Amino acid sequence: MSVVARLWQALRNTVRTLWSTVSGRYAVTVIAVWVVVSLISLVWTPYSLWQMDGYNVWAMPSAAHWMGTDGTGADVASWLMAGSRTDLVIVLLTVALSAVIGMCLVALMTLGSTWSSNATVVAVDALISIPTVLLALVLAVPFGASIAVVVVACGIGYGLNLARVVRPQALLVANSGYVESALSNGASRWRVFAQHIVPNILPVASVQLSLSAGTAILAESGLTYLGIGVPSGIPSWGRSLSLSVRLASVHPLTALWPGLVVALVVLALNLCGDVLRERSGVHHAGVASRQAASEGGENDR
Amino acid sequence: MRFVVRRLMLFVIALLGISILIFAAVRILPGDIASVMAGMNAPPERVQSLREQLGLDRSLVQQYTDWFSGIIRGDFGTSMLTGRSISSQIGSRASITMPLIILGLCVAMALGLPLGFMTVAAKSPRVRGALRLVGLIGGSIPALWGGLILILLFARGIGLIGILPSQGFPTQGWGSPPAAFMALILPAVSVGVIVAASLMRYVGAAVGSVASSGFIDMAMGCGMTRQQALLRVGCRLAVPQLVSVLGLTFVEMITGVMVIENLFALPGLGSGLVTDMGNRDLIAVQSELFMLASVFLIIGMAVDIAHRVLDPRLDGTDDMSTARNEENSAHANPDEQEVSQ
């Protein structure tokens, strides 16, 4: 099977799993709407983003402006639609980056020599207490506000997290009998990693990645509000939210929408992770690794 | 003991690494710091004198050692903008941020601990499901928006029930404790509610992993009901993990409250750092970033050691990575960044 066909199959299975529960259905629907709206916003938004109307600022929701207008008279709904694509890109890039970083760290932990795997474990533990926001601040000093700062800071932070979360499972597999026999049959370490370790940590990793996706959206809105996230002029949910917050006391209703959109989408991603965890029995992984540890085979505890 | 020594060594190495990273981040700016700090239209002589004053004409290694040895002696440098020493600036900001975090953590614990325990211990599966959903919803709300809703509800002059101040901190600081305390209530509740949601899920995960272990079965075999067993045995077993989580949550909140500090116009550590960055007060930024990073590393270490002390079962093992491990292996739920938004 080609890689594309395999990915498609995996996606279909995931959606089918999600669809079997109520919260999963909510998650799939919201995420599908999000993707569709992002695509539509590339070619069409109700109003042009830069179409301002000085006589119609802070308008209440109406037939002409579904969500009202902001302080420049621009249409809030249009900005939110356009923002959804920026956030989609940020989420996809962040998840991809954190997956790559996480997997590299896991590879170092499971494939390398004892020294390199210990060093990786220690480095991850020391760095994990540095919060993403601080990382973003450090990056923003030289590079200023940019989407890259959000993606890199979140990608590193969540990648470290991912590595730590999948570590018990990865080590369990790496020390298992079938990996040993694969190795003694002459399989290369990379082959073992790709064929045995990755498929085994995939359930745990996918749960963690979907939670990271939600957190990335929250991070975007927070960092953008602080002026170190998405630069001004580029539509994003964080931008809409922070613009409306500054004058929320005067025009509370316009502040409602961006936050609501963010909360609904993040909830969808969190529920997605929750359902995947339930269905894959991921929460038993901890018990399994604990047993392995108490049997003395593993030094992870 | 050996564990403590190794953990200390790790701390020192991490601290050096972080200091180099921060130093580098400030230096790789295009152009040099002096011209950035002096401003666009500064005359060249002003830039030159600033450069000498900051020691930027010396080699990078020299600059780094000067800065770092200053920090070790407790000299964080002087803010270019206010002329005050950076350490006193940090001190006055911390006097707002720390009480805010502690209050927020109290709110979070008051809500998160019992609710999280109930997500596992409640008898009815419906209640358990509902509580889990509450935790998930709480974790999906942007801090900015949550704070905003509280302002719209309770802020004096704006809100529906306008009883609490929502902007700024009394100018005399803690000189008048009631006023200062009042100013912190709304921000602390906004932070607390959001942290409570993630705490709730952690507690649920920690107690849940203990609940499915043999210890609870054993206790029930000795005649306790499931509830009793979870309360008396389960809670004690979950304590080491919870202490780790609380420690890390505390750390996360230092940056996590940045948005809230900004929203409520509190001149705390986080909003101060953002202000300094906006003002291009780079020497202050450099020292403040380092100060924050070292606090994170110190608490990270303290948490690891506390975890050891509270869980004597770990004594036999010698692995560095021990502490804080379990909440992850128990449950793939440590979305720790949650707090920071």
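Positions of Cβ are set from backbone N, Cα and C atoms, glycine also.
If you look up TrEMBL, you'll see B:317-341 marked as region 'Disordered'. Sequence annotations record features per position, and here TrEMBL assigns transmembrane segment to B:7-29, B:100-121, B:133-159, B:179-199, B:242-269, B:289-310.
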- Item | Dominant neighbour of the transmembrane segment (B:133-159) in B:7-29, B:100-121, B:179-199, B:289-310, by Cβ pairs under 8 Å | B:179-199
- For the transmembrane segment (B:7-29), distant same-chain residues with Cβ under 8 A (at least six beyond the ends): 36, 60, 63-64, 67-68, 71, 282, 285-286, 289-290, 293-294, 297-298, 301, 304-305, 320
- Message: Below 8 angstroms Cβ to Cβ, which residues of this chain, lying six or more residues outside the transmembrane segment (B:179-199), approach it?
- Response: 96, 99-101, 103-113, 115-116, 134-139, 141, 143, 146-147, 150-151, 154-155, 164-166, 168-170, 173, 245-246, 249, 253, 256-257, 260-261, 263-264, 266, 335-336, 338-339, 341
